[in-house]
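Structure first, then comments.
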Amino acid sequence: MNPLKKKPRTHSLQNAPEKPDWLKVKLAFPDPKNNPVAIVRNSLEEKKLNTVCESASCPNLNHCWSRKTATYMLGGDICTRRCSYCDVASGKPFPLDPEEPKRIAESSIALGLRHVVITSVNRDDLEDGGAAHFAKTVKEIRKGLPDCKIELLIPDLKVKQEALEIIFECNPDIFNHNLETVKRLFPEVAPQKRYERSLDVLKIASARGFLTKSGLILGMGETLEEVKECMQDLASVGVSLLTLGQYLQPTSTHLPVKEYVVPQVFKDLRIYGKSIGFKGVFSGPLVRSSYHADEQISWNP
């Protein structure tokens, strides 16, 4: 574990409510020599690659890896921003590894992936925010897997037009940028992000004709009405696909869970999302942005 994760957070610590049964996930790994989870893990370790699955302590890691799917994380494992809910380490990142895009492509080919999700830490230390690194990775994957769907889950890149153009030119199948939470909570939850800036990124991508996607994490203190307003904002800028999931506190020093949202509310929000124009809404307590990402394009309950 990166020692930077041990830095105390600045918010006041509170006791989270007890985790309900519907969120209790077994993380038991089978025999490491004969299971898909081990195959994915070994491939990632061999290529010295980072995944958001591990870095963000995703509860679905076992499930997704058993399906031979993973979300690659570019730019190292240290983020230049510090969000109170996120388990990715923050600090001063190392220089980009120029061979990382090639290794990600080799891993994708070895695993026979049909849908690759690529994200990154925030790299505000770079002029283009890491956009060219994304583009190079897409190019390498398409060389070896020309029919593979590629989803890019990008930071806001500070809405720099030159950086966004680099992303657009590599023509991802899905352009994903997560809003994460409602406008009121941004100062507490993601103080270095801006609500309007994230909407602008998605609006620009939608206007350019890309299939756009975003996600919200619930249970951080938002109201149901605020969630619906946020969904309306996303729909108004042309977002087609939406994911809604439950926030889970990674450690005792992170933002406490304010509420465990019951499954019925997620179902109701899915119906509401469809009613205001989203093409697909993937909503449930354990849903994450890249959970079953290959199915989300056509998912329509």
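Note that Cβ sites are derived from N, Cα and C of the backbone, with glycine treated the same way.
Here's what Swiss-Prot has on this protein:
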type	residues	note
BINDING	Cys53, Cys58, Cys64, Ser290	[4Fe-4S] cluster 1 binding site
BINDING	Cys79, Cys83, Cys86	[4Fe-4S] cluster 2 binding site
DOMAIN	65-279	domain 'Radical SAM core'
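Structure with Swiss-Prot features highlighted.
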residue: Cys79; record: [4Fe-4S] cluster 2 binding site; DSSP (3 states): strand
residue: Cys86; record: [4Fe-4S] cluster 2 binding site; DSSP (3 states): coil
residue: Ser290; record: [4Fe-4S] cluster 1 binding site; DSSP (3 states): coil
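Taking the Cβ of Cys83 ([4Fe-4S] cluster 2 binding site) as reference, residues of its chain lying under 8 Å away and at least six apart in sequence are, in sequence order, Glu180, Val189, Ala190, Pro191, Gln192, Lys193. Counting only the Cα atoms, the space from Ser290 ([4Fe-4S] cluster 1 binding site) to Cys86 ([4Fe-4S] cluster 2 binding site) is about 16 angstrom. Sequence-distant neighbours of Cys79 ([4Fe-4S] cluster 2 binding site) (same chain, 6+ residues apart, CB-CB distance under 8 A): Cys86, Val88, Ala89, Ser90, Gly91, Pro93, Val121, Asn122. Among the binding-site residues Cys86, Ser290, the residue whose Cβ has the fewest other Cβ atoms within 10 Å is Cys86. Mean pLDDT across the domain 'Radical SAM core' (65-279) comes to 94 in this model.
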